[in-house]
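Enquirer: Structure in structure tokens, see below.
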Amino acid sequence: MTQSKEPWKSPIWRSEPAFLYSRRSLARYVGRPAAEFLKIEPAAGVVLVVCAVVAMLWANSPWAASYEAVWGLDITFAFGDFELHHTLQDWINDGLMAIFFFVVGVEIKSEIVSGELSNPRNAVPPIAAAIGGMAAPALIYVALNAGTAGEGGWGIPMATDIAFAVGVLALFGSRIPSAARIFLLTLAIVDDLGAIAVIAIFYTDDVSMAWLGAAGGLIALAILLRVLNVWSGPVYLVIGVLLWVAMLESGVHATVAGVVMGLIISARPLLDPEIAHERAQEMAKDGLTAEETEQLVKFARDAVPPTERVQARNHRFSSFVVLPLFALANAGVALSSDLFATAMTSTVTLGIILGLVVGKLVGITAVTWVVVKLGWGRMPTGTTWPLLAAIAMVAGIGFTVALFITELAFRGGEAALLTDEGKIGVLCASFLAALLGALAVHLAAPKTAQPDDADEDERAVEDAANAGLGLAHCCSQRLEPRVRPDFWRDAVLAPQNLMSQPPATKMPEDTEARKFLDEHTPEDTVRRYPWFCAAWARLAKNALESGDDVAAYAYARTGYHRGLDQLRRSGWKGHGPIPWDHKPNRGFLKSLHQLSRAAAAIGESDEAARCAQFLRDSDPAAADALT
């Protein structure tokens, strides 16, 4: 069936289409173009940069007083005798930014559990790089300012601004490998946590141990509920809000609450996807009643990890509301020619600029090189050394936490002047790091979209109904149930045959693991490269040949699931070609074949048949070559 190119004429609508899909002029010329713009990955970076420029122009225009008045507006929330009294700028920096840090924490949790950071050898480099990226800038600053009135500012160039750094990478969209972006996110999180620890220890005059203890108790409660398998979203929302208040009142940066709650959320689905798949197939055989449709939607929702659902619900709000407001509220710094001239000869300004622009580059790149060469970790998948150095330059964007530390760092009679010099240093360094880093990324990044990132925003689970339809669609294909949240949108809007296949999925090459397998046993290979499914397939084959059917089943199933994780990071949506002639795909296809054999050997004939069909659906050439 070919879908109409005019969605308002589609028989799928019971009466009239939803506004966004209607023929109204506002929908056609504003609504749909805006919706499509928001789906473009670099859009968030563009909006962020535009807002930062607007803030600078506003703060240095004839209307500069209005800038200070707007963001300095006092807002108070009172709960009985308890009051929270802050400026609008503080509510954005401490409140809304906690949502951004929450989304970042969720993404890091997903990668730790089932993504790039699930292997410790992938997690060590960004953590070590963050330490190097904090130490080198601080040492450069101290070398220039030791014994002067400005020596207290050594913590200023330590921090990386996650919002702007990620925004710069977002400008390049899917040219940046997913693993490289996760490297920067992890580095920046560790970097900022380190900077926040510095604030708490060295730049905080008064930390409330009572409030800090309350925060610790709330964190323990959230972890306990997670261990007890409590899955109620409102419960965690209440705990998160209370934790934010406790962090805010303790004197520790309140955004830490967002990171903590993001890391606590489960990255595993409540339901076993395979069992949910089988139940959904049974329900869909003879049509669905209203009750069964509701149950199918629940299956779909609970078969998707909470981390994915949380990212889907909060990503756009974080990218297109929180970060632009943050840029507007913080990027506007009033500049004067006299102040600028004084700052350019100040060791405070120079120390910050060199620390962020040079120190970050040297510290991150050098420490990562040492870690990789010593065998303690491995480079992010698809990332070259030039690209890693370019990312290290982007990490020199200090901005938020750097400006915050600047306000705290200086004491005494020269504090006002030193603070202004420090702010100019942060702004100049951040601008240089962004400009040079963006240029370096443009030169070092692949010129075409990376397969592990090509359609990342399509991973979003837009709502439970869409998820239900996506799972039902996967059930009809008799494939591993990968929810397609965009199915309903595609069914209405896409001018194409709904039964057509998506593009072939090609997994990235891992030459290091392949070479190791060629020279060592598969047992040694999986110990060193546990994600490499070709080694698991070989273990399964050897176990079958030796008569150990149960071990073969376990080996094959491990390789199969490792391969699924890599396929999904390569843009696979739960169905479509996985070509045999692309050699990196063969490890997964071999694991799938061995899983079919092992399942048959232990009497799981239905599973064996499903795996065999999955193999043939993926590529008939693979089935012919292996069977």
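Placed from the backbone N, Cα and C atoms, the Cβ positions cover glycine too.
No curator has checked TrEMBL annotations; they are predicted automatically.
As listed in TrEMBL for this protein:
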type     : residues : note
TRANSMEM : 42-59    : transmembrane segment
TRANSMEM : 91-110   : transmembrane segment
TRANSMEM : 122-142  : transmembrane segment
TRANSMEM : 154-173  : transmembrane segment
TRANSMEM : 182-203  : transmembrane segment
TRANSMEM : 209-228  : transmembrane segment
TRANSMEM : 235-265  : transmembrane segment
TRANSMEM : 317-336  : transmembrane segment
TRANSMEM : 348-372  : transmembrane segment
TRANSMEM : 384-405  : transmembrane segment
TRANSMEM : 426-445  : transmembrane segment
Enquirer: Counting Cβ pairs under 8 Å to the transmembrane segment (317-336), which of 154-173, 182-203, 348-372 comes out on top?
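Expert: Top-ranked stretch among 154-173, 182-203, 348-372: 154-173.
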Enquirer: State, in range form, which of 182-203, 384-405, 426-445 has the highest count of Cβ pairs under 8 Å to the transmembrane segment (235-265).
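Expert: Against the transmembrane segment (235-265), the leading stretch is 182-203.
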Enquirer: Cβ under 8 Å to the transmembrane segment (426-445), counting only same-chain residues 6 or more beyond its ends: which ones?
Expert: 156-157, 161, 164, 168-169, 171-172, 175-176, 333, 349, 352-353, 355-357, 360, 384, 386-387, 389-391, 393-399, 402-403, 406
Enquirer: Of the listed stretches 42-59, 91-110, 209-228, 348-372, 384-405, which one has the most C-beta pairs under 8 A with the transmembrane segment (154-173)?
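Expert: Against the transmembrane segment (154-173), the leading stretch is 384-405.
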Enquirer: Would the transmembrane segment (348-372) and the transmembrane segment (91-110) count as touching if the test is at least 3 Cβ pairs under 8 Å, pairs 6 or more apart?
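Expert: No, these stretches are not in contact.
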Enquirer: Counting only CB pairs under 8 A, let me know which of 122-142, 209-228, 384-405 has the most with the transmembrane segment (91-110).
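Expert: Looking only at 122-142, 209-228, 384-405, the most contacts with the transmembrane segment (91-110) come from 384-405.
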Enquirer: Counting only residues 6 or more past its boundaries, what in the same chain has a CB within less than 8 Å of a CB in the transmembrane segment (209-228)?
Expert: 235-236, 239-240, 242-243, 246-247, 249-252, 257, 260-261, 264-266
